[in-house]
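To keep things clear, I will list the structure first and then write my remarks on it.
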């Protein structure tokens, strides 16, 4: 595999006029400290990874409904952790440490559209956000703020039979495409204005500003790329979770392929290449873009109707399989150490049953990703299909980012990597692989 990765790196280097990718943006979800058992992560356990990271993004702050001020989502934790995290700069003086807002952790069922409300707000309320951001960032010693705004998402792909596909095409003649945000153009302009005002305030205080494009947030709706990119030090594309068992419960497919696989009516934008090219083709300098890589996988529950091969797209799935016990996930999410503990290296195995391992299928094309499966038993139980990036495939993506001339890679996040070395004895194998192939 190392030879194949080196070959890919060499191939990409001659097909793109690239500079060495230098950024390794490391996200850290502070709630990992609240987990139990082996998934609980203390700040001192970050040290080994931070020798490789250029930036640490601490998540997450939230947006207070009503006043639209930036605030801590967990005051009891953050009042202690903010200072402890920014104090890491004493050990790693070159490390830039930012506070991130949103990131799909700002759950507010009473106000699900508050980030859009911020865009639509008058100057007084937007100034509340700017002023409170300045105070929270400066008071706690952060170098800047990362905007991971929870904006409306693309509509999930629907599963249709042949008759359903025909009816959908016929109906589209009269109804057009489904519109998620009818005011998207207005919101795009409002986002640009808000960022400009925020940048002006931050510039006077010598603070950084970065953007994180969350999974399935449509860049064409909200981001005026030529006007926006000068306002940000860098832009992180969370190019994963294109499909998940929550968004796509009836079919399983690669969650973060690099390239488009033009088969089985796949949508052409659900891949890394499309997302990266959109920003590059809209005049964003490659050095400002960082490719986001997930250190976790997503698992679907298989039925008897899902078959035995596991080759995606897998049909007749039943939503999310049980997620990681250690990370207490309810939506089919498993961290890398939880994934590796479930894998069998026997490629021809057809294990069944609740405690049986998953059969890993490696992507020899190095284009789409790896997956693993355990077919459902005779009663239709305990079937699992899992899409994930292991350390080797994370290295392939790092090589891709370098070959495209991007600024670097962003890992989401450190607490889902194997920070205890449970898989092979090596700690942070995904971070290490990314760093190695970034050069």
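Every residue gets a Cβ built from N, Cα and C, even glycine.
Here the structure is a predicted model, which means the values were calculated and not measured.
Now, the feature entries from Swiss-Prot:
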SIGNAL    1-20  signal peptide
DOMAIN    22-439  domain 'GH18'
DISULFID  26-53  disulfide bond
CARBOHYD  122  N-linked glycosylation site
CARBOHYD  218  N-linked glycosylation site
DISULFID  340-423  disulfide bond
CARBOHYD  346  N-linked glycosylation site
Report summary line: Cβ neighbour count (10 Å, all chains) around residue 122 (N-linked glycosylation site) is 7
Query - Among 53, 218, 423, which are recorded as recorded positions, the nearest neighbour of residue 122 (N-linked glycosylation site) by Cα - result: 218
Query raised in the report: Non-local Cβ contacts of residue 423 (disulfide bond) (under 8 Å, 6 or more apart, same chain)?
Result: 336, 337, 340, 341, 429
Query raised in the report: How many Å lie between the Cα of residue 53 (disulfide bond) and the Cα of residue 218 (N-linked glycosylation site)?
Result: 28
Query - Spatial separation of residue 218 (N-linked glycosylation site) from residue 26 (disulfide bond) - C-alpha basis, Å - result: 23
Query - CB contacts for residue 53 (disulfide bond) [other CB atoms within 10 A, all chains] - result: 26
Requested in this report: Please list residues from the chain of residue 218 (N-linked glycosylation site) whose Cβ is under 8 angstroms from its Cβ, counting only those at least six apart in sequence.
Outcome: 153, 154, 180, 184
Query raised in the report: Looking at the disulfide-bonded residues 26, 340, which one has the fewest other Cβ atoms within 10 Å of its own Cβ?
Result: 340
Report task. Based on DSSP, name the secondary structure state of residue 26 (disulfide bond): helix, strand or coil. Result -> strand
